[in-house]
Amino acid sequence: MTIINKTAQTLFLTELVKGMSLTLDYFFRKKVTLNYPFEKGPLSPRFRGEHALRRYQTGEERCIACKLCEAICPAQAITIESEPRIDGSRRTTRYDIDMTKCIYCGFCQEACPVDAIVEGPNFEFATETHEELLYDKEKLLQNGDRWETEIAANLANEALYR
């Protein structure tokens with residue numbers, strides 16, 4: 001760069017003018033910042049949030065106690081106990097997930113042959129105590145009942161890829 005060019009850039013502050021023009025350009029664009037608890041951004045249909053156990057339309061729980069989710073969980077966060085019913089089918093008597101161990105990988109959801117355990121759209125489940133993050137079967141079924149419409153819609157959208 002010649003001395004004349006350097007002097008011209010310094011004298012006319014071309015770098016400063018370029019920076020200010022960029023700032024003005026962004027100043028008049030649409031804002032992308034959200035005012036988070038009052039505004040919420042879109043979630044991907046593949047978002048993996050709080051776990052839930054689903055039920056059939058009849059109200060019967062879907063889980064058949066195959067224990068595939070427990071076996072595949074890399075964090076060993078799932079504990080299942082089951083017993084056979086009179087009709088020969090198996091159902092869970094205990095289904096616990098330690099959410100402090102869970103790494104939200106989604107392997108349990110992928111392994112489940114009947115779509116019983118899913119990771120729902122809820123990401124706001126902060127608690128004050130550790131015990132509140134130890135989910136039992138009842139808590140998981142409540143989550144499933146609460147988020148069933150969104151979970152079913154997300155699973156239907158992803159059916160081609162499963």
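Every residue number used here counts from 1 along the chain in the order it is shown.
Quick reminder: no glycine exception, Cβ is built from N, Cα and C everywhere.
A quick note: this is a predicted structure, and the numbers were derived from the prediction, not measured.
Among the features that Swiss-Prot reports, domain '4Fe-4S ferredoxin-type 1' is placed at 54-83. Non-local neighbours of the domain '4Fe-4S ferredoxin-type 1' (54-83) in the same chain are 89-99, 101-103, 105, 107-118, 141, 144-145, 148, 151; each lies 6+ residues outside the stretch with a CB under 8 Å from one of its CB atoms.
DSSP classifies C63 ([4Fe-4S] cluster 1 binding site) as coil under the three-state reduction. For C63 ([4Fe-4S] cluster 1 binding site), the Cβ neighbour count at a 10 Å cut-off comes to 25, with all displayed protein chains included. Annotation comment: Swiss-Prot describes C63, C66, C69, C112 as [4Fe-4S] cluster 1 binding site, evidence class similarity to another entry.
Look at Swiss-Prot and you will find C73, C102, C105, C108 tagged as [4Fe-4S] cluster 2 binding site. According to DSSP, C108 ([4Fe-4S] cluster 2 binding site) sits within a helical segment. Sequence-distant contacts (6 or more apart, same chain, Cβ under 8 Å) of C108 ([4Fe-4S] cluster 2 binding site) comprise H51, C69, I72, C73, I78, I117, E119.
Residues annotated as domain '4Fe-4S ferredoxin-type 2' in Swiss-Prot: 93-122. Non-local neighbours of the domain '4Fe-4S ferredoxin-type 2' (93-122) in the same chain are 43, 47-54, 61-64, 66, 68-69, 71-83, 130, 133-137, 140, 143-144, 147, 150-151, 154-155, 162; each lies 6+ residues outside the stretch with a CB under 8 Å from one of its CB atoms.
Of the recorded residues, C102 ([4Fe-4S] cluster 2 binding site) and C112 ([4Fe-4S] cluster 1 binding site) place their C-alpha atoms 16 Å from one another.
When the binding-site residues C63, C66, C112 are compared by Cα distance to C105 ([4Fe-4S] cluster 2 binding site), the shortest distance belongs to C112. With DSSP classes pooled into helix, strand and coil, the tally for the domain '4Fe-4S ferredoxin-type 1' (54-83) is 5 helix, 8 strand, 17 coil.
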